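Q: The following feature annotations were taken from TrEMBL:
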DOMAIN    A:13-489  domain 'Cytochrome oxidase subunit I profile'
TRANSMEM  A:16-40  transmembrane segment
TRANSMEM  A:60-81  transmembrane segment
BINDING   A:His61, A:His360  heme b 1; low-spin binding site
TRANSMEM  A:102-123  transmembrane segment
TRANSMEM  A:135-155  transmembrane segment
TRANSMEM  A:162-182  transmembrane segment
TRANSMEM  A:216-239  transmembrane segment
TRANSMEM  A:246-267  transmembrane segment
TRANSMEM  A:287-307  transmembrane segment
TRANSMEM  A:319-335  transmembrane segment
BINDING   A:His358  heme b 2; high-spin binding site
TRANSMEM  A:363-383  transmembrane segment
TRANSMEM  A:404-425  transmembrane segment
TRANSMEM  A:445-465  transmembrane segment
Amino acid sequence: MQSNAALEYDYTVAKLFTYTTILFGILGMTVGVLIAAQLAFPELNYLIGEYGTFSRLRPIHTDTVIFGFMLSGIWASYYYLSQRVLKVSMAESKFLMFIGKLHFWLYFVGALVAVISLLLGISSSKEYAEFEWPIDIVIVLVWVLWGVSMFGLIGIRREKSLYISMWYFVATFLGVAMLYLFNNMAIPTYFASGGIGSIMNSVSMYSGTNDALVQWWYGHNAVAFVFTVPIIAMIYYFLPKESGQAIYSYKLSLLSFWGLMFVYLWAGSHHLIYSTVPDWMQTMGSIFSIILILPSWGSAINMLLTMKGEWNQLTENPIIKLLVLASTFYMLSTIEGPIQSIKSVNAIAHFTDWIPGHVHDGVLGWVGFMTFAGLLHMAPRMFKREIYSKKLIELQFWLQTTGIVLYFTSMWIAGITQGMMWRAVDEYGNLMYSFIDTVAALHPYWVIRTLAGVLFLSGVFIFAYNMIKTITSSKELAQEPKNQSPMAA
Amino acid sequence: MISLVDAQGYAKIIMTVVLVIILYGYILHLYRSEKKGERDYEKYGKMALDDDITSVPVEKNPNLPQKKEGEK
Ligand code: HEM
């Protein structure tokens with residue numbers, strides 16, 4: 001490198017992950033809308049033979065939005081902000097540049113193969129861990145590459161201390177590595193059966209209750225270490241930077257970090273209340289879930305207080321609007337989850353529509369808004385152009401907020417109705433309703449949920465259009481914006 | 001004899017108590033070291049705000065190879 005050339009941050013890898021965030025977001029949420037429609041109108045199951053059935057498409061939805069949209073957004077943010085808070089450019093190390101690009105390409109190819117395998121019905125049937133073992137091996141490699149990339153960059157940093165976002169990224173790396181390895185221990189049925197089974201299809205190394213426990217220890221902590229921890233990493237950077245306000249209390253951010261790490265790992269058994277796991281474990285799952293409110297709200301309140309004295313920005317800057325609503329939805333879902341973990345509430349909530357309702361106020365409001373805000377903040381800096389349209393962000397914001405509210409309110413009503421109908425008995429103790437009675441009662445809410453999905457998805461398309469226009473044809477910027485992202489009206 | 005499941009339960013409670021003590025100890029440590037003027041945690045918030053490649057680090061990494069500093 002020329003020694004007199006000014007050193008700049010290198011966003012090559014962050015840009016690549018930005019593109020896949022948009023791509024997988026559209027793909028995963030289009031499938032989400034389709035399966036929502038299928039629940040309301042079952043005829044839609046038979047559009048394209050076996051490939052279009054709910055059972056095939058549901059894991060494609062969940063895995064594409066989680067490991068496609070969300071993870072791409074996390075990595076786009078990581079490759080962008082890690083350089084900045086460590087004050088070192090990836091361009092300073094050819095090795096790290098190479099690893100970063102390899103990380104992306106292996107991930108991208110792996111993700112495509114994974115989607116195709118699910119479409120073909122190749123699945124280990126464990127929720128969020130459906131991929132069969134060859135894909136698991138690719139995932140492990142991708143993860144290791146991220147680790148090399150991250151610790152490599154940390155190794156050559158100029159800033160001595162790690163900014164709080166980096167703590168959360170490191171925790172994501174370690175947490176997922178441990179969870180994923182343990183939960184995906186499996187043996188191809190070919191070997192397990194002495195030659196009759198298949199090489200591709202595998203069975204878990206755990207059985208019965210143990211398998212359920214390991215699965216939900218994983219499943220819930222996937223929520224922790226993919227849906228929460230790295231998203232907090234993002235908001236701790238993007239909100240202060242976009243608003244120009246330092247984190248309200250850095251100490252509180254450290255405390256919430258350790259609180260979250262300590263409590264989250266023990267809450268998973270709330271997925272198994274009234275099952276065959278030991279009673280104390282169920283009770284502890286409930287208790288730890290309640291305690292989880294503290295570190296969760298610790299982070300969220302810290303974010304809201306960061307805006308102290310600057311609330312006018314909420315009306316002036318739609319990116320701030322997305323960020324503030326993201327922390328608000330985070331508060332909503334982290335109070336709702338603990339409530340659902342209380343044994344008596346869980347008796348009504350479990351297996352009902354209230355659960356996907358809860359999931360989606362978190363993923364749409366918290367993860368979705370945070371991801372959109374992050375990408376919008378990065379775009380002018382990565383592509384050196386102003387954001388194409390402020391009006392379009394506003395439009396997206398309102399369409400999606402309406403979508404989210406319709407989604408969770410319809411699922412609340414549907415879920416509680418469902419739970420009550422299932423347990424209703426007449427004076428002789430006979431069940432009052434059969435299953436199909438509940439289906440008929442819930443139909444209107446499933447239609448509303450589909451509509452909610454259409455609204456949210458329209459917002460995603462508007463966002464994609466806005467991003468593409470920003471990248472290709474928006475006004476060029478002479479210098480990097482300091483805080484508020486520049487945008488054309 | 002207590003069963004294995006019960007033993008696990010007790011082990012978990014003991015571990016929880018120990019971790020709670022550690023966590024509270026950490027809170028005390030944070031606030032105390034700031035009160036005594038040994039550390040200033042809030043200055044780390046600046047790392048996100050002032051994050052150009054040419055910005056002066058809040059605390060310079062002492063392990064950085066000498067050459068890199070020269071390059072800058
Ligand atoms: C247009 C937006 C979306 C729509 C219409 C939608 C729709 C759906 C539907 C219909 C289900 C199945 C519910 C059931 O089986 O009863 C589902 C499940 C799920 N979705 Fe979405 N979704 C959307 C966006 C997202 C996003 C962005 C994420 C994550 C980033 C996500 C994560 C999940 C998860 C984790 C589940 C499984 C929930 C469970 O097992 O309880 N969804 N979604």
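Each residue, glycine too, has its Cβ placed from N, Cα and C.
Caution: TrEMBL annotation is automatic and unverified by curators.
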Q: Near A:His360 (heme b 1; low-spin binding site), which residues of its chain come within a Cβ-Cβ distance under 8 Å, counting only those 6 or more away in sequence?
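A: Residues satisfying the criterion: A:Ile404, A:Tyr407, A:Phe408, A:Met411.
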Q: Counting across all protein chains shown, how many other Cβ atoms sit within 10 Å of the Cβ of A:His61 (heme b 1; low-spin binding site)?
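A: Its Cβ shell of radius 10 Å holds 21 other Cβ atoms.
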Q: So what pLDDT does the domain 'Cytochrome oxidase subunit I profile' (A:13-489) average out to?
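A: Averaged over the domain 'Cytochrome oxidase subunit I profile' (A:13-489), per-residue pLDDT gives 95.
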Q: Flag the pair the transmembrane segment (A:216-239) / the transmembrane segment (A:319-335) as in contact if three or more Cβ pairs fall under 8 Å (sequence separation 6 or more).
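A: Counting Cβ pairs under 8 Å, at least 3, so yes.
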Q: If we skip the immediate neighbours and take only residues 6+ beyond the ends of the transmembrane segment (A:16-40), which ones have a Cβ under 8 Å from one of its Cβ atoms?
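A: Tertiary neighbours of the transmembrane segment (A:16-40) are 54, 57-58, 60-61, 64-65, 68-69, 72-73, 75-76, 79, 101, 104, 107-108, 111, 115, 371, 375, 378-379, 382, 443, 446-447, 449-450, 452-454, 456-457, 460-461, 463-464, 467.
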Q: What is the Cβ neighbour count of A:His358 (heme b 2; high-spin binding site) at a 10 Å cut-off, with all protein chains included?
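A: For A:His358 (heme b 2; high-spin binding site), the 10 Å Cβ neighbour count is 21.
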Q: Do any residues of this chain, six or more beyond the ends of the transmembrane segment (A:404-425), have a C-beta under 8 angstroms from a C-beta of it, and if so which?
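A: Result: 329, 347-350, 352-358, 360-361, 364-365, 431-433, 437-438, 441-442, 445-446, 448-449, 451-453, 455-456.
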Q: Under an 8 Å Cβ to Cβ limit, what residues of the same chain, 6 or more beyond the ends of the transmembrane segment (A:60-81), are close to it?
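A: Result: 9, 11, 13-15, 17-18, 20-21, 23-25, 27-29, 31-32, 35, 90, 100, 103-104, 107, 111, 114-115, 118-119, 127-128, 130-131, 146, 150, 165, 169, 172, 222, 226-227, 230-231, 233-234, 237-238, 363, 367, 370-371, 374-375, 378, 381-382.
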Q: For the transmembrane segment (A:162-182), could you work out the same-chain residues 6 or more beyond its ends whose Cβ comes under 8 Å from its Cβ atoms?
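A: Residues 74, 78, 81-82, 85-86, 129, 136, 139-140, 143, 146-147, 150, 154, 214, 217-218, 221-222, 224-226, 229-230, 232-234, 236-237, 247, 250, 253-254, 257, 261 contact the transmembrane segment (A:162-182) from elsewhere in the chain.
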Q: Against the transmembrane segment (A:319-335), which of these stretches has the most C-beta pairs under 8 Å: A:135-155, A:287-307, A:445-465?
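A: Most contacts with the transmembrane segment (A:319-335): A:287-307.
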Q: With a Cβ cut-off under 8 Å, give me the same-chain residues at least six positions beyond the ends of the transmembrane segment (A:445-465) that come close to it.
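A: Residues 22, 25-26, 29-30, 32-33, 36-37, 39-40, 353, 364, 368, 372, 375, 392-393, 395-397, 399-400, 402-407, 410-411, 413-414, 417 contact the transmembrane segment (A:445-465) from elsewhere in the chain.
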Q: Cβ under 8 Å, sequence separation of at least 6 from the ends of the transmembrane segment (A:287-307): give me the contacting residues as numbers and ranges.
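A: Contacts with the transmembrane segment (A:287-307): 228, 232, 235-236, 239-240, 243, 245-249, 252-253, 255-257, 259-260, 263-264, 266-267, 270, 313-314, 320, 323-324, 327-328, 330-331, 334-335, 337-338, 341-342.
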